[in-house]
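What TrEMBL says about this one:
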TRANSMEM  16-43  transmembrane segment
DOMAIN    19-466  domain 'Major facilitator superfamily (MFS) profile'
TRANSMEM  63-82  transmembrane segment
TRANSMEM  94-114  transmembrane segment
TRANSMEM  126-147  transmembrane segment
TRANSMEM  274-291  transmembrane segment
TRANSMEM  303-332  transmembrane segment
TRANSMEM  344-365  transmembrane segment
TRANSMEM  377-400  transmembrane segment
TRANSMEM  412-429  transmembrane segment
TRANSMEM  441-462  transmembrane segment
Amino acid sequence: MTFRNELREIARYRNAYLLAFSAAMGSIFYGWDIGLIGGIIAMSSFQESFGVDKLSTSAKADFNGNIVSILQGGCFFGALSMGYFSGKFGRKPCLIASGVIYIVGSAIQAIAGLGSSAATGLSVLYFSRFLGGIGVGMVSALVPSYVSECTPRKIRGRCTGMIQFANNIGIMLSCNAVLNIAPTDMQWRIPFIVQIVPGALFTFAMLFQPESPRWLVEKGRYPQAAKTLAFVARISPEDPAVLVTLDEIKEEFEGKDKLSLWQQFRGMGASPVIANRCFIPALVMFFQQWTGTNAINYFSPEIFTGLGITGTSSTLFATGIYGVVISVGLVLMFAVESFGRKKCLIVGGIGQGLTMLWIGGYSSIHPSGPIVPASYVSLVAVYLYAVFYCVGWGPVPWVISAEVAPNHLRTVSLSIAIGVNWLFSFTISKITPIMLDKITYGTFLIFGLMCIIMAAWAYIFFPETAGHALEDIHFLFEQDVIVRALQDAPLGRLFIGKKRALSVEELKMEMEVNVDQKSIKEDSGKAFDDGGASSVAPI
């Protein structure tokens with residue numbers, strides 16, 4: 001596609017991009033904290049405010065793990081709660097509520113320690129970070145589902161990718177927010193105050209966005225669902241494409257609307273196919289955390305010190321550059337979106353694995369001492385790691401999690417997946433400073449090997465999902481999944497010989513024949529395209 005055609009398509013779907021941008025602003029919450037807290041806990045002014053400067057090295061490492069991981073604890077519970085609340089009240093009201101909770105938590109965080117003892121101030125800080133984490137967890141669990149359910153399939157990957165882009169814009173902005181401020185307590189309070197701004201902007205922007213059309217269909221509000229579909233595609237609600245898409249969504253929910261939370265949990269095991277589709281979102285989120293990205297995000301000052309860069313300002317500068325590289329990498333991710341989800345995961349995993357292994361090897365040979373030429377190579381490896389993360393295991397798991405699960409189980413499946421993400425984000429942030437202290441370079445070797453393992457999983461077990469409507473994704477997992485996955489992988493045909501999995505179009509035709517021969521109602525969450533004979537394509 002030429003640049004001019006690209007701009008023409010962006011103009012055509014500008015409502016969808018605006019919706020995705022508005023929702024993705026919620027990801028700035030977490031990105032801001034990722035880039036912020038690693039620099040703040042290294043500040044002498046912050047350590048003096050809460051008595052951290054008087055702690056032993058091991059106690060300080062434990063404190064660093066606590067202050068980072070308490071937010072993940074709140075995120076975990078916030079994400080899990082969305083399985084119930086977003087299904088009952090809708091995506092939009094819950095997103096607005098998450099913004100309000102985040103704002104309150106940020107405000108309390110900014111005033112922690114004022115007029116109180118260090119111990120009391122620390123308790124307030126822990127509480128406010130947990131409260132803010134609930135808001136972050138809510139938005140992280142809902143935004144991928146909301147964006148995926150609202151945007152046309154042609155641009156769904158890009159729109160969902162904006163989530164990680166906004167996350168890393170938050171990293172970049174927060175890193176620069178802690179630079180060039182006098183070393184008083186306002187040095188760390190001002191960044192906490194400023195983080196209220198993205199929360200307010202997100203909450204305000206979401207007031208003007210529509211409700212998810214698939215949630216509206218589930219509740220039987222078809223006219224409003226048609227209006228949302230028409231809004232994002234900038235066409236009339238009576239347009240044939242809107243009507244075809246609406247019919248497909250209705251078919252998907254037939255007999256499965258208004259399911260209770262317990263029924264949804266039970267439905268996740270209705271068949272091996274559905275169980276696999278509901279398991280994959282949690283698995284890719286588990287993998288994302290074991291890339292080690294949060295270890296670098298949160299503790300980059302300590303990592304850069306280990307690579308030979310010393311001093312608070314220099315480490316914060318290095319963190320800021322890292323944020324810039326992440327954002328550049330995400331721009332590259334948009335350029336390679338045409339590669340598909342699968343190839344991005346493979347390339348990203350291998351790239352991250354090799355750079356992590358290099359950093360581990362360098363750290364084992366040069367644990368301390370003066371800067372050598374290999375130190376600069378290691379710094380480049382950290383930045384390349386960020387780029388590979390942005391190509392693959394940064395944004396793509398969010399896209400996959402939002403599109404693989406069945407429509408009627410997507411909310412609960414995604415809530416569990418994001419809960420897993422936060423649980424292991426909590427775990428990694430808690431154990432990383434301890435690992436860096438106890439096994440040093442072994443930390444990077446573990447993460448590097450995990451990256452290679454997840455690249456192998458994507459190569460062997462995950463079929464390409466790009467270009468398929470949400471209601472057609474189930475065809476990819478119905479039969480010959482490994483054959484299909486290898487068929488979609490680079491050089492994968494070398495392993496399967498003449499074997500071939502049927503295309504989605506062939507499977508749909510086969511299903512049409514079966515339905516014509518035997519009238520049945522599907523009970524496993526599969527969608528039957530009753531508009532197969534029509535030339536009108538869904539949105």
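Glycine is treated like the rest: Cβ placed from N, Cα and C.
Since we're looking at a predicted model, the values are computed, not measured.
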Annotated stretches the transmembrane segment (63-82) and the transmembrane segment (344-365) touching (3 or more Cβ pairs under 8 Å): no
Most Cβ pairs under 8 Å with the transmembrane segment (16-43), selected from 94-114, 126-147, 274-291, 344-365, 377-400: 126-147
The transmembrane segment (441-462) versus listed stretches 94-114, 344-365, 377-400: most Cβ pairs under 8 Å: 344-365
Long-range neighbours of the transmembrane segment (344-365), counting only residues six or more past its ends (CB under 8 A): 291-292, 306-307, 333, 336-337, 374-375, 377-378, 381-382, 384-385, 387-394, 396, 440-445, 447-452, 454-456, 458-459, 462, 489-490
Long-range environment of the transmembrane segment (94-114) - Cβ separation under 8 angstroms, sequence gap at least 6: 23, 26, 29, 49-50, 74, 78, 82, 85-86, 120-122, 124-125, 127-136, 138-139, 142-143, 146, 185, 189, 192-193, 195-196, 199-200, 202-203, 206-207
